[in-house]
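Annotation comment: TrEMBL describes A:CYS140, A:HIS142, A:GLU174, A:HIS198, A:HIS394 as Mn(2+) binding site. Per TrEMBL, the feature domain 'Peptidase M20 dimerisation' maps to A:222-313.
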Protein chains: 4
Amino acid sequence: MTADDLVSLRRDLHRKPEPAWREFYTTARIVEELESRVDLDELHVGPDAIAGDHRLAVPDDAELAAWYERARGAGTDEAILERLEGGYTGAVAVLEKGDGPTVGLRVDIDGLPREESDDADHLPAAEGFRSENDGAMHACGHDAHATIGIGVIERIAESEFSGTLKVFFQPAEEVIGGGKSMAKSEHVEDVDALLAVHIGLDHPTGEVVAGVDGFLAVSHLEATFTGEPAHAGGHPERGRNAVQAMATAVQNLYGIPRHSDGATRINAGVVEGGSAANIVPEEARIVAEVRGETTELMEYVRSNARQVLRSAAEMHGCDVEIEPGAEAPSATSDDELVSIVADVAARTDGVDSVLERDDLGGSEDATFLMEAVQENGGTACYVGVGTDHPGGHHTSTFDVDEPSIGYGVDVLAGSIERVGLENR
Amino acid sequence: MTADDLVSLRRDLHRKPEPAWREFYTTARIVEELESRVDLDELHVGPDAIAGDHRLAVPDDAELAAWYERARGAGTDEAILERLEGGYTGAVAVLEKGDGPTVGLRVDIDGLPREESDDADHLPAAEGFRSENDGAMHACGHDAHATIGIGVIERIAESEFSGTLKVFFQPAEEVIGGGKSMAKSEHVEDVDALLAVHIGLDHPTGEVVAGVDGFLAVSHLEATFTGEPAHAGGHPERGRNAVQAMATAVQNLYGIPRHSDGATRINAGVVEGGSAANIVPEEARIVAEVRGETTELMEYVRSNARQVLRSAAEMHGCDVEIEPGAEAPSATSDDELVSIVADVAARTDGVDSVLERDDLGGSEDATFLMEAVQENGGTACYVGVGTDHPGGHHTSTFDVDEPSIGYGVDVLAGSIERVGLENR
Amino acid sequence: MTADDLVSLRRDLHRKPEPAWREFYTTARIVEELESRVDLDELHVGPDAIAGDHRLAVPDDAELAAWYERARGAGTDEAILERLEGGYTGAVAVLEKGDGPTVGLRVDIDGLPREESDDADHLPAAEGFRSENDGAMHACGHDAHATIGIGVIERIAESEFSGTLKVFFQPAEEVIGGGKSMAKSEHVEDVDALLAVHIGLDHPTGEVVAGVDGFLAVSHLEATFTGEPAHAGGHPERGRNAVQAMATAVQNLYGIPRHSDGATRINAGVVEGGSAANIVPEEARIVAEVRGETTELMEYVRSNARQVLRSAAEMHGCDVEIEPGAEAPSATSDDELVSIVADVAARTDGVDSVLERDDLGGSEDATFLMEAVQENGGTACYVGVGTDHPGGHHTSTFDVDEPSIGYGVDVLAGSIERVGLENR
Amino acid sequence: MTADDLVSLRRDLHRKPEPAWREFYTTARIVEELESRVDLDELHVGPDAIAGDHRLAVPDDAELAAWYERARGAGTDEAILERLEGGYTGAVAVLEKGDGPTVGLRVDIDGLPREESDDADHLPAAEGFRSENDGAMHACGHDAHATIGIGVIERIAESEFSGTLKVFFQPAEEVIGGGKSMAKSEHVEDVDALLAVHIGLDHPTGEVVAGVDGFLAVSHLEATFTGEPAHAGGHPERGRNAVQAMATAVQNLYGIPRHSDGATRINAGVVEGGSAANIVPEEARIVAEVRGETTELMEYVRSNARQVLRSAAEMHGCDVEIEPGAEAPSATSDDELVSIVADVAARTDGVDSVLERDDLGGSEDATFLMEAVQENGGTACYVGVGTDHPGGHHTSTFDVDEPSIGYGVDVLAGSIERVGLENR
């Protein structure tokens, strides 16, 4: 792919951001692009690419159906679309090139449920490739990741690499919902070395991080408070106010004590409650996430959060149901791969700064795949590819500095070739 | 109308609850019923029935359009439907029967945005007339009110009454959005005596309240908090958390001090915020209402609420926009009409208990019409017609004990006749 | 007593405010003044004036001892002082003047635990009779009440009154701690008609209220939260933060829903917690009070408050002990006495406005005495004597407009004489 | 000193804990012990030991006077006591032993304002050396530190050490109030190598940490909210509730977002407010502390805390005054000294585990002295001496395993001798 091809593909994907498990257009577009560019040995799509039973945080049928229809309306290939029905998205592309190690590359492909900026300063708006899907946006660069995945497999197809390359186009990373289902699929079992990639992360264009570490273990939880409605003017005393319970919980969730063993996080990311101004709210909901530098720290926060939610409900005479949500472990890159990536990056045109290991401080469900490969005796490395991004990740003005996409392809393809050479 | 007719009409309306300004099916059904039963002198529909500029709390176009389509799908008469487009609902029916006073009867017709119970114990569910409109319900008896309005006008048409009767089928009471637009219409100007009616209010079947008082002045306000999003794991410190601001506001809104001059109310009836578990919420919203036994008391709460909202935003580095919403004044029934209604009720079969004046403790935008009539030198009286209701008003198991509908027709038609006689 | 005598006595008491059960100087001063002015038939002091077992809200021994010493240091008569040891304060003075009814007058004598203003604008500061007791103040006019009690008994001694007068100098009203112990004493048993008096209450000098009603039933409760301390920097996660529990409770106590049956109140009047900036607080305390227009309403708030306190503790892993505190019932004045007082007041020089019945909206433990007398078949009336007061009751700039003290003596002595005449 | 001497001295100090700037008995006892055991070259006491203008967090005169009297009552030497008047406590002992480096040893001597356990399981209670000062306790081991200081100087006096030893008996560490005043004294200026010591810190008896790091920068702040009082029953609406403001602030202080750059801390360690159950609280106070792994992180929390405090006040119509309190920087031990201490410790009888560097996660104002020495070109090392402690630091059951006191003397004296040898 030329630099123009990369930009053009990335922009097409950017226009059609699809949140977790709704990557219908995106998966189909990836499949079409792969088929038109590379002579693959295997291409597993949707239910064949993942272990469907291990999907986490799948939206309800109505939501899936609405996005399915939207994808159909956008002209998605019907044959591919049908294979994805019910929210079985993603793909695994396999290229066999003789003897040698099996190298995996994992890229994620989902968008975020947030509105994209339409400021004139925001390049996608200015250049006409802003999101066409209201309320959704590629605000974390997964459009670039998918593009890199395709660029790398084409490059390897044309290279001297000897071995097998598997590219994992993983759905639903943003809800930490897809990593586990991909890690549990048979495709990961024989991977000897796994690379995962993320663009940006506050590193500028031209900088590469060989070995992003410091992934926080993470867990989602959703609490639903149920009280009693009442007429807010006529009989306020008859209500059991689920919104008061929720607000009390939010205040105290953020007040869970810090821990001396390491970093913790808490976020009440989505809340809602009540039905009308004049009804004492009978229902309210919090979608929260907790994180910790270790699984124990995450569990410390989670256990405190449960207590806060239960007591807040009880305080206001409400019931609360707490549903466990998606989870992901922590993971650390292996020295061997870190060295290879660092060395290749240092020799790559356009890369002017290479860091060996740097902390992320966020979470990622690539850790499921890394853990699976490492448990099988393989190695894994999470690679950061810097990109100048005007707005922060997950904000409405996030954007990718497009030359960095090519640098990503260069570093990753180069690293894969090197792994092939060193394990011959 | 026979008792069976009343029940049948009420159940039909019950099946099709439509919230404020979306009473498309309901208005059309009322118009058809009126035209088939009574030889009216005038029938003003939709934009002709109300002063459209004075509508309050009108939903957005998409919401109006969705309900418009739903009404069309339910087989609503197209000719009538077209006249209501854009959320101009309601009707005023006029019957002229010779010399005499102009008497008004105001009934409200809208449903509530809440799910109806499907318990076997809930009569509408058991008998097959539960709401067919998901997420909407006649949980306050306005289906019975509309039915009473039609029953009364038919009864008066057949009576010896001399004078003019105007029945106001008012939309959007639940959001205190329709009363003002009806009060500002020309139709109210010449009304000498106005009756308004409400069923239930914790009074049992067979009890009538001549003169419901104690309406609380009310005002809605909607606050939108805007902060800054951030990745909740990666950079929590970069966020400006709108949900924290909202939760702080909710806690402190309910904590606004009580007032020694009389009753006050506050309710954060609807809240929502945030977009995803892993994003520090950048936006949140509270739809609240404040009430007071007098306008001054309502304003005391409102002014405190604004301060709470502003300071909560500031505390978390957020902006807040506070939009004033609908409002309604207080009102008191006139002795003259109270006596007439009490006397008529005491002589009505099925009525075994009559109260002269009782406090509501809620709000109502019938007060706009009462105020308008009283300011023009007329008199007004708000009548309560008891009904055994299993669940409280605004709850999912609210229901009307249907014989009370007939008692309502009897008491109101009897009172109207008496007003005619006494003002001959 | 001349007008100057009244002022001089009131100012002396004002200089020595003593909070509940610590009225050592005050009681002694009253006793001395009575003995020097009136030839009493009985004078019951301290433990003889009250039923000691029914004292509520008695401070601890150290606190009692400190004020006892302070009183001694101020030159209080040792013989009287000894009789008051252990916080048995107050007095009942009895004057028998032949046949006729037994009339009671109840005045309260305690000060408040608050600092008095030293502004030049504050008359007691300007004229040199500001509180000499640091941290205590007569901020509710009980100095004037005690003075009125003495003025009335002297006046009656000199009058034609026939019957028995008992003046109850009640301690500890501010903590609703003394009323019950006086009501349970034998002295109340034979009272046929009871008058109680309060100055001010936002009524101006020259206004008299015959029959202050609307006393709120009240109950105190004290919650002590116990958690676990921890080094706030080293191991914040090991703490169980009693101050977080307390703050959560305070926020939610004030948020207990208003009740449609009538007025309610809640106040977290005193809070404290923690021991040092760098220790996670292991203990915290709330002294709260709840009120209701009826006992049921008070109990509604109290029961909700208990739930809030318990859940707040549980939320933060703390224990909470909730100790019930003092309580007082509601009470209503009797028509018969209301008429007498109103009539006498209307004929009193200096009184230019008489209200029959007005709502207080606060609480008072005179209601214990009123209830006791009414249950014995007697009548009771609570009398308000207006006084221009610059600051509100309980604030640091509260003061009494001194001519109103004389009006109080006139109205009450006149009313007592009239009760004697009418019951001859 | 024999092991028995050490225990005996420590227990005597344990019986008489004195909080910051009130170490009257403690300082005098140290002076007496030094004079009786060692032939010192200089002994600077009280105002001569510290730079008095740089004292932080000094209590008010009444508090100082009360403890001064308590010390006098405990039989403190009058001559020494007089030199300490006004809260100028602490001492610097100087021993000159020929040519060689000037080595400093800093020990802190103050207790904490908390009640000591009287459980039979608590050794000081069982063995009769529990605190005799109500409400104060040596709950952090500074009694052992002072003892170690004396033990070390005696040991060095008897040793072959060549050089000068200065032992800094520092007051007021717990309020981070004394370190600065000692660092600013002239006595620190010529120190070439500084050792500071802390016992416990969750390390068991027999473990030594050469180089405790990870001191959090810390700052105290005290917020005083001022509102308006009102009668809580009569006119709640007239109040401006300072306790509501305080509770809102507490909830939101603990909710200040975590920071991705490193550890932060917040604690509302002492709160109080209000005057009586029936008065809307007009005043409330929070004594808080904020910490950060770096000064920038501490300032991030502090700046957020100020905003929370200001907005909470504004929300409730209160004013707030925020007084900056004591502060301390971060500091890191120097490799050179770390190696010496580790090596000496490894050869010390009773020490079976030596850690080179370990994080504290708390704060310490020894950092002022370390910083001063390092800025002058010297080196510094903070030494942890493990001790089995049943309760955590700052809790009521904290205690020191007494053999560890001797190990501390051995390790520190040994290290000082080695510094002398290596810098000869």
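Please read every residue number as a count from 1 along the shown chain.
Every residue, even glycine, has its Cβ placed from backbone N, Cα and C.
Mapped onto this structure are the features recorded in TrEMBL.
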residue: A:CYS140; record: Mn(2+) binding site; Cβ within 10 Å: 29
residue: A:HIS142; record: Mn(2+) binding site; Cβ within 10 Å: 28
residue: A:GLU174; record: Mn(2+) binding site; Cβ within 10 Å: 24
residue: A:HIS198; record: Mn(2+) binding site; Cβ within 10 Å: 27
residue: A:HIS394; record: Mn(2+) binding site; Cβ within 10 Å: 26
DSSP-derived class (H/G/I helix, E/B strand, else coil) of A:HIS142 (Mn(2+) binding site): helix
Tally of DSSP helical, extended and coil residues in the domain 'Peptidase M20 dimerisation' (A:222-313): 34 helix, 31 strand, 27 coil
Cβ-based proximity (under 8 Å) of the binding-site residues A:HIS142, A:GLU174, A:HIS198, A:HIS394 to chain B, or none: A:GLU174, A:HIS394
Env. residues of Mn(2+) site, Cβ within 8 Å of mean position of A:CYS140, A:HIS142, A:GLU174, A:HIS198, A:HIS394 Cβ: A:ASP108, A:ASP110, A:LEU112, A:HIS138, A:ALA139, A:GLY141, A:GLU173, A:HIS393
Three-class DSSP secondary structure - A:HIS198 (Mn(2+) binding site): strand
Confidence summary for the domain 'Peptidase M20 dimerisation' (A:222-313), mean pLDDT rounded: 95
